[in-house]
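As recorded in TrEMBL, the features of this protein are as follows:
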- 38-258: domain 'Anoctamin dimerisation' (DOMAIN)
- 261-846: domain 'Anoctamin transmembrane' (DOMAIN)
- 272-297: transmembrane segment (TRANSMEM)
- 350-370: transmembrane segment (TRANSMEM)
- 434-461: transmembrane segment (TRANSMEM)
- 481-502: transmembrane segment (TRANSMEM)
- 529-547: transmembrane segment (TRANSMEM)
- 645-668: transmembrane segment (TRANSMEM)
- 696-720: transmembrane segment (TRANSMEM)
- 801-832: transmembrane segment (TRANSMEM)
Amino acid sequence: LVLELNQVIIPTYGTVPEQQNLHTPEWVDFDDKPDSLFFKDGQRRIDFVLVYEDESKKMTHKRSDRKKQKRKRQVYESNLIKNGLQLEATRSVLDEKLIFVKVHAPWEVLCTYAEVMHIKLPLQHNDLKTRGSSFSWFSRLFRVDENIIKPEQEFFTAPFQKEHLSSFYIQDKDTFFNPATRSRIVHFILSRVEYATKNNVKRFGINKLLDTGIYKAAFPLHDSSFRHLSTDPNCPSERYLLYREWAHPKNIFKLQPLDFIRKYYGEKIGIYFAWLGFYTNMLTVAAVVGVGCFLYGCLTKDNCTWSQEVCDPNIGGNIIMCPQCDKACTYWNLTITCESSKKLCIFDSFGTLVFAVFMGIWVTFFLEFWKRRQAELEYEWDTVEYLEQEEQVRPEYEARCTHTVMNEITQQEEHVPYTAWGKCIRMTFCTSAIFFWILLIIASVVGIIVYRLSVFLVFSATLSQHTSGTEAIRKYLTPQTATSVTASLISFVVIMILNIIYEKVAILITDFELPRTQTDYENSLTTKMFLFQFVNYYSSCFYIAFFKGKFVGHPGSPVYWLGKYRNEECDPGGCLLELTTQLAIIVGGKAIWNNIQEVLLPLVKNLIGRYSAAARSEKVVPRWEHDYQLQPIGELGLFYEYLEMVIQFGFVTLFVASFPLAPLLALINNMLEIRLDAWKLTTQFRRMVPQKAQDIGAWQPILQGIAILAVVTNAMIIAFTSDMIPRLVYYWSFSVPPYGSHSSHTMKGYINSTLSVFNISDFKNASKPFSPWFGNQTTCRQVYRDLRYPPGHQQQYEHNIYYWHVIAAKLAFIIVVEHVIYFVKFVISYVIPDVSQKTKSKVKREKYLTQKLLHENDLKGVKKTMGKISNEIVKGTDSTFQPKDE
């Protein structure tokens, strides 16, 4: 929507045509009321605050620049007053250079812009009876005390229209528009009022003035301190109540007062916390099942036959393994991996398969029930038919509009920042930059792989020598474990460093793209950031799960990386345990790092500002100065919160088959995250401008994409990364005749059957180990289950029939499992409607009442008018035909 604002615009940046016609704010002194939210008269509420530095006391700019900035500000403020806003200026108590301009919107302005913005306001009380849930008695234990935060009254609402003012539920003009709505309307005006023109291009909006430093800040006020109730009897102290009943750590197990959050911060903040709370509640179920699967693995690990064979000195003790690297590595005994095989039994069990299938279905229930919950919030928060206004052009875009093109729809000329060819060049450059950074991440992953290969040589050659006297350490600190843990830690550090750098790079690339609107900007940045984060966080996990140990050849013909480094091999039990280690370090480390960063940075900044201000003065400080000392949340504040949670959602779903405790870690993190985010908003940041939001936006399809991909990744982890399929094939086919020698199905002999035999005389000179061979044996076993024919066979070192049975079983498993889960997901999506019947009834009832109250009132008015006209006509007719007196 483009408003036709009053034209008090300077033709260039250097001149103001009629200085005497400019309106100026009313200047007043601070009245020593620290909690007041009103102008000095105590009647007009402060809806917004603008802060600037007195141009006459600035020392950082040239005098001519200071004059230009002052003129722009004066014209802007004059236009605000001409658009109906009332301004009151007060000099800072702590810093005499700062000026605070308080903004108030009168009733007439609020009504006018409420109609322009299609804001939905109350018509009458909601008369639909709500059915109490059978679990309401239980949920009441975790709700906020209704005597402290009273439940919001439910109303039927309709887009505001001034001509139907009498139809709306107006008890008090001062409270009809709540503070959040008032601030939103004022910000709408601030964003559209002009202050200058240059080359026939209008300059307007508070954002541009903030970017150029003419104003230092613009924000709505918090209504009180978070530490205590306001001393002003007219203030409801909602910020204090939010801190006490929501943000305080004591409320970690309580439900969130979502309606109260929405009332204070707006729908955009409310929908984020509603989604985060719903996701956390759903994680409770996944965490319980995950812990159950973990405990099942712990209880059954002692009955793990193949692990017992590894640890048995008569079986694993007699199996000599081939060296895992060229020359420097030595032969080793299979019993060294006894402890890791026991750990692997915990995660590589039948419970893992059950949990992977469960999570594939759980994620579908989560997304479908969230759609229903979201539909309820859309109705309750009046965003069902939220009409998106024509979005304001970003100042950065508008400032570059130097080219003229013909609009195909309006057939009028309009200004754009670049030609079609220029846009093509920008997109090509930005796409190339994105791919360059993604390749840089892949290069860092390759670097970690090279580190693994090179350090494994060192650990294999030196670790056994330095720990030879400590048997307890040797059991746990194997070369594989040492390499895996150190590589995971380095990978985590590299991920966090690249993450910090790329955040700035992604913003620079998006700024260079020059999106037209803020929504376009956020969507473009979301795509870049998620694509980068996806590759950054998940690439190492994908490597371990699906590539490590899969293409290694055999000891007589190993495969080399870059022609130099011998490819990595997995433990005899597979790479699942290493994937579990990688996930635990990244998920746990990321949660700790993010929470420390989110808490410490704003806290330290505010403490520095608070103590420096306290050192200068012990005076009574007004509410607007307290809020000015807080940190601005920024336009992308919620973007980073969503991104953090979506990346976590990926870890919880994509690789959960290898780490069933991931939902539990995510649950604990999210319970803390809700309170930390709430604490930041209520204590460390200025109050955000309330914004409408119908849903979680572009993150919804991203979550759905992750959910679809998770089915494939977990099926492939069980098939290719875990050892479950080879064990099942051995149990049902190769433990009994014709392939096996046991009379019944059993797991006995599994280890001896699956570790291929290699003749040490077949080593090439480049791979032959320096260490001497111990014993009289002439063969060693391959570390990984490559399932090849033994030496002396007609097809020695070629894949045997067991291998092809296993490959067929793995492919069949993937196809069957993913099709079954996808079918169940489809059925669930079809059976569960996105909008509940109760919500549909409420929406229909509201539409009916809107039509009845608004349109029927018009009809009554028309009938009344027509009745008067008909009466006049009848009277005129009667007088015409009445006989005249003679």
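Counting begins at 1 with the first residue displayed.
Every residue, even glycine, has its Cβ placed from backbone N, Cα and C.
Automatic, uncurated: that is what TrEMBL annotation is.
Remark: the transmembrane segment (350-370) contacts the transmembrane segment (801-832), by the rule of 3 or more CB pairs under 8 A.
Taken together, the residues in the domain 'Anoctamin dimerisation' (38-258) have a mean pLDDT of 86 on the 0 to 100 scale. Long-range Cβ contacts of the transmembrane segment (645-668) within its own chain (Cβ-Cβ under 8 Å, at least 6 residues beyond either end) map to 276, 279-280, 283-284, 286-287, 289-291, 293-294, 297, 347, 351-353, 355-356, 359, 363, 530, 533-534, 537-538, 541, 545, 576, 579-580, 583-584, 586-588, 590-591, 699, 702-703, 706-707, 709-710, 713-714, 717-718, 721-722. With respect to Cβ pairs under 8 Å, the transmembrane segment (801-832) is most closely packed against 696-720, considering the stretches 272-297, 434-461, 481-502, 529-547, 696-720. The stretch in closest packing with the transmembrane segment (696-720), judged by the count of Cβ pairs under 8 Å and taken from 434-461, 481-502, 529-547, is 529-547.
Contact counts against the transmembrane segment (529-547), taken as Cβ pairs under 8 Å, peak for 434-461 among the stretches 272-297, 434-461, 481-502.
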